[in-house]
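J.: So TrEMBL says this about it:
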DOMAIN    B:7-150  domain 'Aspartate/ornithine carbamoyltransferase carbamoyl-P binding'
BINDING   B:ARG59, B:THR60, B:ARG109, B:HIS137, B:GLN140, B:GLY265, B:PRO266  carbamoyl phosphate binding site
BINDING   B:LYS87, B:ARG170, B:ARG224  L-aspartate binding site
DOMAIN    B:157-303  domain 'Aspartate/ornithine carbamoyltransferase Asp/Orn-binding'
Amino acid sequence: MQNLTLLDGQKFQITIQRLCRQLIENHNDFSQSVLIGIQPRGIYLAKRVAEELRKILPGHTIEQGDLDITFYRDDFRRRESPLVPNQTKIDFIIEGKKVIMMDDVLWTGRTIRAAMDAMLAFGRPERVELLTLVDRRYSRHIPVAADYVGIEVDSIASQRVVVSWKETDGEDKIVLLSEAK
Amino acid sequence: MAGLSTRHLLGIKDLNVSDLQLIFETADNFKTVLNRPIKKVPSLRDVTIANIFFENSTRTRLSFELAEKRLSADVVNFAASSSSVSKGETLIDTVNNILAMKVDMVVMRHPYAGAATFLSKHVKAQIVNAGDGAHEHPTQALLDAFSIRERYGDVAGKKVVIVGDILHSRVALSNILCLKQLGAEVMVCGPTTLIPKYIGALGVKVEHDLIKALNWCDVANMLRIQLERQDIKYFPSLREYTMLYGLNKQILDSLDKEITVMHPGPINRGVEITSDVADSKQSIILDQVENGVAIRMAVLYLLAGQTP
């Protein structure tokens, strides 16, 4: 395994802050907008972004929820055993709101397709946007594009992109893993 | 995480503790789905399920059908009374004909013990046992244990008494196996004639005095007297049974602690349980029914998810 660190330390923090500023440009004080992290790894991104936004906009409520997409995936019965679901926690109304969906890595786009279905079970939002920390370019299986991107990465299918978080993994880091030849 | 250790759900006997936990955790998620404005998920979109009932049922059949529909499966229903079974077709022929119409799973209730196991050995589809004679009723036991877990947080260490017609009850056997696996203490209570002689071999206590049993337990599961399965008289009269083993409000209030009352349905009000008990705060009978759909969704989801 060869590891290539794409982003860490202060640069990682700067990227998160840039994404927050871009969100504020479009969503003002977030009174009509909500953040939804996609389980399992997107929730850390959503939590971090919500935390930063609260620092930048003190006194404003930033709604943030977790969305599990297990039951909406398109690879059911194509795996050895079904995936075990995670918790969905959305304590607010999304009807008529602007929803910003968040996932750490955007790759084939299939997760986002499932997340759209899962989210619509909670109501009809006014608008839906997608924020991703890492965009693996030229690898989409379905036509999905992110509105906000942390970094863009050119990679091949056998490689993996892993995002670690200070809260759970001890360090903020984006790593590109390749099989050793 | 691995899936279930079995391809069919024939009885609790085939499940291990991690299977039970997996089913409960999956059911937790389905329960939240059932409380959403849109209660349907598309998981089983390409799965067809046949519900084959050779015996009458209201709750189980509706519950399975709702679970299947909430998972977006295609459902066909079959009641033996209105079918060619009455013309002399065998069980395997009936089911194989249904499967020839491209059905993936069969949910079956049958009056003979072992019918589901027999079928699983002779046909290609995945089988879910919805009750076979006086043998097992696994989804009922799962939803009962799930309801106890919901009420108390955990099943382990809880004391559960099963009261009534243990001899003819598939609910009793499946419940005993399930609760014992999860670490609960189980007691059976009823007239001597309705308690199988060697039931102690399953690791359960036997008690013939209802008051003593209720004072011991945290949860009382009151079974229905299954008159349709009783070919001879096991007790002198229904009235005498009610006097000795019926649960009423006075008995419930005379206990030194608040116990939880369960019933698998259908209730014979005034026989094993009076109306004021069935409708009291201590009764979780309707929670059991609600949880039944979530548990059946979990079972169908976990079984159907195995690669065909």
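Positions of Cβ are set from backbone N, Cα and C atoms, glycine also.
Since the structure is predicted, the reported quantities are computational estimates derived from the model, not experimental observations.
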J.: Can you tell me the CA-to-CA distance separating B:LYS87 (L-aspartate binding site) and B:ARG109 (carbamoyl phosphate binding site), as a whole number of Å?
T.: 19
J.: I need the least crowded one of these binding-site residues (B:ARG59, B:HIS137), counting other C-beta atoms within 10 angstroms of each C-beta.
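T.: Ranked by other Cβ atoms within 10 Å, the binding-site residues B:ARG59, B:HIS137 bottom out at B:ARG59.
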J.: Work out, from DSSP, the number of helix, strand and coil residues along the domain 'Aspartate/ornithine carbamoyltransferase carbamoyl-P binding' (B:7-150).
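T.: Tallied per class, the domain 'Aspartate/ornithine carbamoyltransferase carbamoyl-P binding' (B:7-150) gives 70 helix, 27 strand, 47 coil.
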J.: Beyond the listed site residues B:ARG59, B:THR60, B:ARG109, B:HIS137, B:GLN140, B:GLY265, B:PRO266, identify every same-chain residue whose Cβ lies within 8 Å of the center of their Cβ atoms for the carbamoyl phosphate site.
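T.: Everything else in range on the chain: B:SER57, B:THR58, B:SER63, B:ALA130, B:GLY131, B:VAL171, B:PRO264.
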J.: Which whole-number value in Å describes the distance between the Cα atoms of B:ARG224 (L-aspartate binding site) and B:PRO266 (carbamoyl phosphate binding site)?
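T.: For B:ARG224 (L-aspartate binding site) versus B:PRO266 (carbamoyl phosphate binding site), the Cα atoms are 7 Å apart.
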J.: Counting across all protein chains shown, how many other Cβ atoms sit within 10 Å of the Cβ of B:THR60 (carbamoyl phosphate binding site)?
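T.: 24, counting other Cβ atoms within 10 Å of B:THR60 (carbamoyl phosphate binding site).
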J.: How many Å separate the Cα atoms of B:HIS137 (carbamoyl phosphate binding site) and B:ARG170 (L-aspartate binding site)?
T.: 5
J.: How big is the Cα-to-Cα gap, in Å, between B:GLY265 (carbamoyl phosphate binding site) and B:ARG170 (L-aspartate binding site)?
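T.: Here the two Cα atoms are 13 Å apart.
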J.: Between B:GLN140 (carbamoyl phosphate binding site) and B:ARG170 (L-aspartate binding site), what C-alpha distance do you get in Å?
T.: 9
J.: Where does B:ARG170 (L-aspartate binding site) sit by DSSP, helix, strand or coil?
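T.: Looking at the DSSP assignment, B:ARG170 (L-aspartate binding site) belongs to a helix.
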J.: Can you grab the distance from B:ARG170 (L-aspartate binding site) over to B:ARG109 (carbamoyl phosphate binding site)? Cα atoms, rounded to a whole Å.
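T.: Given the Cα positions, B:ARG170 (L-aspartate binding site) is 11 Å from B:ARG109 (carbamoyl phosphate binding site).
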J.: Sort B:GLY265 (carbamoyl phosphate binding site) into helix, strand or coil using the DSSP assignment.
T.: coil
